[in-house]
Amino acid sequence: MKEASPGFCEADIERACNPGSFQKGLTLMKQGAVKLTGGSAGAEAQVASERGHGHYAVRLGRCGVSVNAKCSCVDARTRGGLCKHAAAVALVFLQHSQDLPQMPLVSNGASSKRPRPPATPRLESPEPEEVKEPVPLKKPCFPKATPRAPSGYMARGFFLRQLQSSAMAGDHEAFANDLERMDELGEKEASALLHKAVQGQDLAGSERIIQLLLDRPDGQRVAMTGAFDELRRTPLHAAVAANRLGICRSLLQARADVAMKNGNGMTSLDLAQRRKVDTSKGDWRQHEDPVLVLLREAMKRRTT
Ligand SMILES: [Zn+2]
C-alpha cells in the first residue's frame, strides 16, 4: 500500500463488487485495460473490452468508503454492485493513491427514470462472493459541505492538469468543480491558472473562472503581485493584449497594479496606449477604447 491514503482501500472495492468481478477486475487492471479519461468529475475511465469490442465507459465516485460506479456494460446494469470494469478502474485509482470524488452518481441510462432501490445495509460477512442475489446499487448520498482536498501528490497533479485544461477551454462548470477539491494553490499553480484563464476560449466562461480565482486568497495574491507568464507579462498585461475588458476590470478590482511593468519595461497602460495606436484606424475618434479608459482611470486612482 502507498503511503498517501486515497480514502478507500482494496477491501472497500471488494465489498462493493458483484460476485466474481473483483478477481476479473484485478486481471483487467494488470492487463493495462484501463485508460483514465478524466472528465469534469475527475474519475472517468475507459476499459478495453476483453474480446476487443471497443471500450466500456466507467465513472467512479465514493460515499464514505463505499465505492460507487456506473459502467456502460450489461453486467453493471443488470446485476448492480461494481462490475469487473469498475473494479479495474477503482484498483487503478488505488494503485496511484488517487482519491475518488465524493459524489452521487448520476445515472446516465434509462434507469434514471426509475426510483432508486433503498440502500442495502452494509454486509457483515466479509465474503460477498457468497451472496447469490444481485446486490442493488447503493443509494447515492448527496455530499456537500466539506469538499476534500485530494490526497497525495499524484491526485493533486491530476486535478491541476484538469483545472488547466478547463481554464484554457473557459469551461467554468468543470473548473469550479475541480477547484473546490483543491486546498491552497501554490504561487506558480495559481499564476498558471490565472494566465490560462485570461486566454480561455470561451469569454463568458473565462470571466467567471477569473472571478473564482480572484475570490480565493491564493488567486488574489497572484493578481496583486502580477506573476509573469512565459512571455513575461502580468495577468493584466495578458488581458489587455487579449482585449478582455471584463477580465481587466476584475483584475483591477482585485488590486492588480496598473503601473507594474512587463519584461519589456512596459506597464499595462503603455500596452493599451500602444494597442490604441495600432488599432487607430476607423472611428476611434468617436469611440474611446474602453480598455484604455479603464486603465487610465486606474492609473489616476493610483497616483491620487
Ligand atoms: Zn462494466
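Residue 1 is the first one shown; counting continues down the chain.
Using the three backbone atoms N, Cα and C, a Cβ is placed for every residue, glycine included.
Summarising the annotation, TrEMBL assigns domain 'SWIM-type' to 56-94. Here the domain 'SWIM-type' (56-94) is broken down by DSSP into helix, strand and coil counts: 17 helix, 15 strand, 7 coil.
Among the features that TrEMBL reports, region 'Disordered' is placed at 102-143.
Feature annotation from TrEMBL assigns repeat 'ANK' to 231-263. Under DSSP, residues within the repeat 'ANK' (231-263) fall into helix, strand and coil as 16 helix, 1 strand, 16 coil.
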